[in-house]
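Trainee: The following feature annotations were taken from Swiss-Prot:
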- 1-23: signal peptide (SIGNAL)
- 25-441: domain 'GH18' (DOMAIN)
- Cys29-Cys56: disulfide bond (DISULFID)
- 310-331: region 'Disordered' (REGION)
- Cys342-Cys425: disulfide bond (DISULFID)
Amino acid sequence: MSGSLWLSLALSLAVLAQFKVSAAPNLVCFYDSQGSQRQGLAQFSITDIELALQFCTHLVYGYAGVNADNFEMQSINKRLDLEQRHLAQVTSMKERYPHIKFLLSVGGDADTNEGNQYIKLLESGQQGHRRFIESARDLVRRYNFDGLDLALQLPRNKPRKVHGDVGSAWKSFKKFFTGDYIVDTESETHKGQVTALIKDLSAALKQNDLLLSLTVLPNVNSSWYYDAPSIAPSLDFINLGTFDFLTPQRNPEEADFSAPTYEAVGQNRLGHYNLNFQMEHWLLQRVPANKINIGIATYGRTWKMSKDSGDSGMPVVSSTQGPAPAGPQSKQEGLLNWAEICSLMPNPSNSNARGPNAPVKRVVDPTKRYGSYAFRAADENGDHGLWISYDDPDSGSSKAMYARARNLGGVALFDLTQDDFRGQCTGDRFPMLRAIKYRLL
């Protein structure tokens, strides 16, 4: 074979290899560093992170915050991040996993020191933006991250109101014209400020070959705050928070699917409370599909059922009484991690249990459109009622298939610490993560 033919073949193979690498789906693994401070079976260690890394393309460390006084990005847990050197411990794994990109996320609903510091940051002008950008770049570089994830804590949509079907049409009509849906009268101004911040931040990071991703948190109206066509070129990828559409904190009086793939019609449901709507919104704004990662949660949302909630469990479940009690591991009202949910499914160890440890009835969605749920009707005293909306390895796998079928960038998993990382349920560690990864291959 002539030298020119060898050269042509080599170039063709190089192009093909580059295409294959670029076309590999993302599996962006969010890591809530607070998991390392939990106790008992819920404590998540560096060793656990390392086991998960074999399945991830990116690891996102959560979370940093914003100083409300000077708008600099800062640690919100200095004892863990800096004094105990947890930031450095995590990024030290880059030496063993050079193919994985490590990002530091700011915001993510973890920055609770000040209620509206992110709006203040947007309104701070060029000087405030510059302080944030320079401090973010410095923090990312100091701890050897490959980039920054911007998970801005912006005003949320108002939760769905509980009312009968008879009045729902009029109420929706009235809200549309009275502006009852509006939670930020300056959203158009803030959208322009978000655009300017992202463009300037991207330019600063790119000077140091650093990545920039955007995470759209659940129930933040993308059309209010994100000028998608303008910001997409400045972002390496976008993680959509396509879960927690309904939660017991936002919707205490009725339980419903918290993370459906498609719209579940009827019963006063809102058409945008589903993965497909959110994803289509960004595509319609001319964002490349390969920049969009759909979000999947490794936990379920839990409501307390009352006697008035009935015993069918079929959503929408009325007369619920807010968040169900916290689980023994996650210790957060209205939320159970996957290991806790799995332990409540009927099994030999709970077949005779009563009260809060009694098994739940699992209802699987054969269509894979809305998600599974499980419930335990309240007893004769009105106690121990429980309703859970969740994704499991099967539905997580189905959503990963959705991402592949739509040629999306991939999946963002929220988060590693809520998966069954000890293998308590079936013996398989990280069952959610594994199921999603295998379907993305």
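Any Cβ shown, glycine's included, is placed from N, Cα and C.
What's the neighbourhood like for these features in this structure?
Mentor: Residues belonging to the domain 'GH18' (25-441) score a mean pLDDT of 94 in the model.
In the three-state DSSP scheme, Cys56 (disulfide bond) is classed as coil.
Remote same-chain partners of the region 'Disordered' (310-331), defined as residues 6 or more beyond its termini with a Cβ less than 8 Å from a stretch Cβ, comprise 38, 40-42, 162, 248-249, 252-257, 264, 267-269, 299, 302-304, 337, 339-340, 356, 361, 363, 373, 375, 377, 386-389, 418.
Cys425 (disulfide bond) carries neither a helix nor a strand DSSP state and counts as coil. Around the Cβ of Cys425 (disulfide bond), the number of neighbouring Cβ atoms within 10 Å comes to 19.
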Trainee: In Å, rounded, how far does the Cα of Cys425 (disulfide bond) sit from the Cα of Cys29 (disulfide bond)?
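Mentor: Cys425 (disulfide bond) and Cys29 (disulfide bond) have their Cα atoms 21 Å apart.
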Trainee: Where among the disulfide-bonded residues Cys29, Cys56, Cys342 do you find the Cβ with the fewest other Cβ atoms within 10 Å?
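Mentor: Across Cys29, Cys56, Cys342, these disulfide-bonded residues, the one with fewest Cβ atoms within 10 Å is Cys342.
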Trainee: Measure from the CA atom of Cys342 (disulfide bond) to the CA atom of Cys29 (disulfide bond) and give the result in Å, rounded to a whole number.
Mentor: 21
Trainee: Please report how many Å separate the Cα atom of Cys342 (disulfide bond) from that of Cys56 (disulfide bond), as a whole number.
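Mentor: Just about 23 Å between their Cα atoms.
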